[in-house]
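Record features, source TrEMBL:
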type	residues	note
TRANSMEM	21-43	transmembrane segment
TRANSMEM	55-75	transmembrane segment
TRANSMEM	96-113	transmembrane segment
DOMAIN	98-180	domain 'CAAX prenyl protease 2/Lysostaphin resistance protein A-like'
TRANSMEM	119-139	transmembrane segment
TRANSMEM	146-162	transmembrane segment
TRANSMEM	168-188	transmembrane segment
Amino acid sequence: MRATQKEIIRRLSSKQLKIQVILSQFILLILASIGSFLVFSSWKDFLSLFFIKNLSFISLAIISAVIFFLIDLLMMKYVPKKYWDDEGINKKIFSSGNFFSIFFLCFIIAFVEEWLFRGVIQTQFGFIIASILFAIVHFRYLFKPLLFISIIVLSFWIGLVYEWSESLTITFTLHFIMDFSLALYIRYSIRGDKHDRK
């Protein structure tokens, strides 16, 4: 199964993989919309999820994102590639595209996933179920123990931040900054490698 997945990924272009990501996010968006309709009794209740009740949580979100980003960098630098490589998916997704297209893609991913997993699932079913489902949805990490542990830790941490802050804006900020930072690192490190080879 892993070999088949790796072969499929190898054949897909960066653009085709991005389309797959956008389609998967569209499905999650539909689920989030339906879930919100069922869970929240009014628009006011739903929109209250985005209120920031304590500005200090913004600092927590930013610091958390930076820490997780640095952990990823250290892992890529010092841990053998076979333990953290996701079959080249992230590398291929972010190997092309400009700053704004990467920004948009990371924005959509962070917004949709936080809306569904924290805003709907965690609100209705609790912190543990939402955190586990978030990790499982990132199924490409399931066969890489180190990556799966890291996504579990990240998922539970974001869930805790949501429990404390009660704000999707805070968890979105954390999720987006981390994803966007890593995406830019991948994009421009690849560009640097190509430049060095010339």
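Yeah, the Cβs are placed from backbone N, Cα and C, and that goes for glycine too.
Among 21-43, 119-139, 146-162, 21-43 has the largest number of CB pairs under 8 A with the transmembrane segment (96-113). Helix first, then strand, then coil: DSSP counts for the domain 'CAAX prenyl protease 2/Lysostaphin resistance protein A-like' (98-180) stand at 75 helix, 0 strand, 8 coil.
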